[in-house]
């Protein structure tokens, strides 16, 4: 009997800033997700400060500290295995795509920028 596995991806808001003293806002969406194993997952962040140049995605497993998953400078795409980070500076929008989701992907994902 084969059971369908689910991957729980929890998204949190994270605000990081090291660029002068201007007000900066970062917002993540969607909220908590449950997706079938093997699906493609899209996690998104929007930001308000066009001065941001460094874009990071962190993964944090339960009861562990966050670990750097992807790092991108300026704009464009960066791919690492099943993970792709995409930055669109003109829209102030970044995304993380996870292909072929696995149970081991169950974690909290955080976007950060500076």
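The chain as shown is numbered from 1 upward.
Glycine too: its Cβ is placed from the backbone N, Cα and C atoms.
Annotated features in Swiss-Prot:
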type	residues	note
DISULFID	45-111	disulfide bond
DOMAIN	24-114	domain 'Ig-like'
CARBOHYD	44	N-linked glycosylation site
SIGNAL	1-21	signal peptide
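The separation of residue 111 (disulfide bond) from the residue listed as 'N-linked glycosylation site', Cα to Cα, is 8 Å. All protein chains shown were included, and the count of other CB atoms within 10 Å of the CB of residue 111 (disulfide bond) stands at 26.
Here the recorded positions are 44, 45, and the one with the most other Cβ atoms within 10 Å of its Cβ is 45.
Mean pLDDT for the domain 'Ig-like' (24-114) in the predicted structure: 90.
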